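Take a look at the structure below.
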Amino acid sequence: MNFIEVIDLLGTIAFAISGALAAFSKKLDPFGIVIIAFVTAAGGGTLRDILIGVEPVSWMRNMNLVYTILLCVVITFFFRKRLLKLRKTLFLFDAIGIGLYTVVGLEMGLTAGLHPLICITLGCITACFGGVLRDILINEIPVIFRKNIYATACILGGGVYFILVELKVPNEIVFPVSAITVIATRILAVVFKLKLPTPYTQQELKKIKVKNKK
Amino acid sequence: MNFIEVIDLLGTIAFAISGALAAFSKKLDPFGIVIIAFVTAAGGGTLRDILIGVEPVSWMRNMNLVYTILLCVVITFFFRKRLLKLRKTLFLFDAIGIGLYTVVGLEMGLTAGLHPLICITLGCITACFGGVLRDILINEIPVIFRKNIYATACILGGGVYFILVELKVPNEIVFPVSAITVIATRILAVVFKLKLPTPYTQQELKKIKVKNKK
Amino acid sequence: MNFIEVIDLLGTIAFAISGALAAFSKKLDPFGIVIIAFVTAAGGGTLRDILIGVEPVSWMRNMNLVYTILLCVVITFFFRKRLLKLRKTLFLFDAIGIGLYTVVGLEMGLTAGLHPLICITLGCITACFGGVLRDILINEIPVIFRKNIYATACILGGGVYFILVELKVPNEIVFPVSAITVIATRILAVVFKLKLPTPYTQQELKKIKVKNKK
C-alpha cells in the first residue's frame, strides 16, 4: 500500500461518513444510506476515471474500498447520535475529504500525462462531484453552488501542488501540504465567511434580488 | 443469437414499452416518446458499459436493439388505449424488465472478471438506472427511491445467481431462476406492501414527520 | 488545423458565449460563469467521447479549446451589456452552435465506423447535451424539452449530410451545407413557430390541460 493509496483511503472514510451522516439525518432506509455513502465516496473518482479512460473504474477492482465504505456506514450507524450532536462534524469530514481527494485526482491526471490545468480540473472533479451527487440525491442545493470557496479551495491546493513540484520538493511533503491547503482554505472561508469578488455592480445585484422576490 | 442475447432482447422490449407508456401518459410529443423509450431501455446498460469500459457502448454496435425500441414505440402507439386501461401493465413490464436486465448485467460483470459483489452492483445498475432516468425525465420521483424493495429485489436475484453458479447448476437454469426471483420478489413486495426494516426508533421517525409537515 | 477542427472551434466559441451570457444573466459568481461556459461548450462532446470510447475525452488533450472557452468568458464579460441588449443574441449563438457541433459529432461517429443512424444520434448528443446541462445548472427547463424543433433540426441536418455523402459531394461542401440546414431549420422553426405533429386527439390534450390546472 503506497502513500497515495493511504491518502485515498482516508478520503474515502471521510466522505463515506459524511454521506452516511447526511443520509441518516434525512431518515433514509438502509439501502438508501449505503447508496448515498457509496456515491459520496466514489462518485467523484468514478467521473474522473471515466473522463481519463481508466476502466473498469477504480472501485470495481478495489474491494477494500467497497468494504471500507460499508464499514463506515455501520460505524456511523452506531455513533450517529454522538456524531450528530456535533453540528460541525459533517462539515469537517467534508473538508478533509475534498483536501485528500484533490491530491488523488491531481496525481492520476499527472500519471495519464495530462496538462497541469487539466490535472487541477481532475482534482476538483474528484473532490467535488461526489458531494454534488450526495446533495442532489438528498434533495439539497449542492454545496458547491451555494458556497463559492469550495471548488476554489481545491483549485488553490492544486496551484500549491504544482508550485511545490516545480521547486522539486519531495512527494511526501507535496501531498500533505497541498491537501492541508485545501482543508485550511475551506475551513477559513467558512469561519470568516469569505466570498469571491463579484463581477456585478451593486445596481445589477439589486435588480436580481428584486426579481427573485417577485 | 445466444441465450443471453434473447434475455437482453426481452428485457429491452419490456422496458421500451414501459418507457413509451409513461411518455404517452404524460402527453409528450413524438420525439420525446422515442427519447424516453430509448433511455428507459438503454440507459442502465449504457452506464454499465461506461463503468466497465465496453466502448463504443453496446447499443451503438447493435442496430437490432435500436430497431426493437423504435418498433416497441410504434406498437405502444397503436395499443396504448388498451394498455393504459390495464393499470398494472406499466408495473408488470417494469418488473419483467428489471428481472431480465439484472441477469444481463451480472453476466457482463463476470465476463469482465469482476468480483461477485461488483457483478451484483452492475446487475442492479443495468436493471434500475434506465427507470431512474425515465422517472427523472418525466418529472416523477424515481421509483427506486420511493419503493425500497426494488433494487433489493435485484440484489436478491444476484445472490440466488451466485448460489446456483456455486452449486454448478447449468446456465440455462441459472438465468431464468435468477430473473424470476427478481420479478417475483418485486411483485410480492408490491402485493403485500413489504418494506425493509427501519434503523430508526419510532421517536426519530415522528420527529422527521413533524419537521416535514411544517 | 484541418477543416473539422475549424468548425469545432467556431462551435465552441458560439456555445461558450451562449453559456457565459446565460450565466451572467443569472448573476452567477466568476467561478460559476466559467463552469457554465465550459459545460455548455464541452458537455455534448464529452458525453459523445465517453459513449464512443475516445478517452481521455477530447478537451483533456486540447488546451486550445480550454483557452478559447476562458477567452470567450472574458470577452463576454466586457461586451455583455451590449450583447444582452440584443435579445436574440443568445438564441442565435445557440443555433449556430448546434449546427456546427452536429457536423462534428457525425464526423466522429463515421471515424469510429458506426451506423449512419448512430452517427446522427451522436451529432444530436454533441449538439444538444451541452445546452441541456447549461439549462439544468441555471435552473431552467431544458430548451430541448420545451421546443421540439431543436433536436429535430439536428436530425434533419444529419439526414442531409448522409444524402450528400451518398451523392459523393466533396466534404468542403457537405460540412457547411449540413450545418446551415440545422441552423436554418432551427431559426425558421422559431420565426414561424413550427411544431411537430401531435399523436394525441384534441380530447386527450384537453384532459391533460385540465389535470395540470388542478
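A Cβ is built for glycine as well, from the same backbone N, Cα and C atoms used for every other residue.
Over in TrEMBL, the protein carries these features:
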| type | residues | note |
| --- | --- | --- |
| DOMAIN | A:6-80 | domain 'Glycine transporter' |
| DOMAIN | A:92-164 | domain 'Glycine transporter' |
| TRANSMEM | A:6-24 | transmembrane segment |
| TRANSMEM | A:31-47 | transmembrane segment |
| TRANSMEM | A:59-79 | transmembrane segment |
| TRANSMEM | A:91-108 | transmembrane segment |
| TRANSMEM | A:114-137 | transmembrane segment |
| TRANSMEM | A:149-167 | transmembrane segment |
| TRANSMEM | A:173-192 | transmembrane segment |
The transmembrane segment (A:91-108) versus listed stretches A:6-24, A:31-47, A:149-167, A:173-192: most Cβ pairs under 8 Å: A:6-24
Tertiary contacts of the transmembrane segment (A:114-137) (same chain, 6+ residues out, Cβ under 8 Å): 15, 18-19, 22, 35-36, 39-45, 47-48, 51-52, 94, 97-99, 101-106, 108, 143-144, 150-151, 154-155, 157-159, 161-162, 182
Residues of the parent chain within Cβ reach of the transmembrane segment (A:149-167), under 8 Å, 6 or more residues beyond its termini: 98-99, 102-103, 106, 116, 119-120, 123-124, 127-128, 143, 173-174, 177-179, 181-183, 185-186, 189-190, 194-196
Distant-in-sequence neighbours of the transmembrane segment (A:173-192), which means Cβ under 8 A and at least six residues beyond its ends: 3-4, 7, 91-92, 95-96, 98-100, 102-103, 106, 127, 147, 149-150, 152-154, 156-158, 160-161, 164-165
Long-range Cβ neighbours of the transmembrane segment (A:6-24) (under 8 Å; 6 or more residues past either end): 32-33, 35-42, 64-65, 68-69, 72-73, 75-77, 80, 83-84, 89-90, 93-94, 96-97, 99-101, 103-104, 130-131, 134, 138, 175, 179
DSSP-assigned states of the domain 'Glycine transporter' (A:6-80) in counts, ordered helix, strand, coil: 64 helix, 0 strand, 11 coil
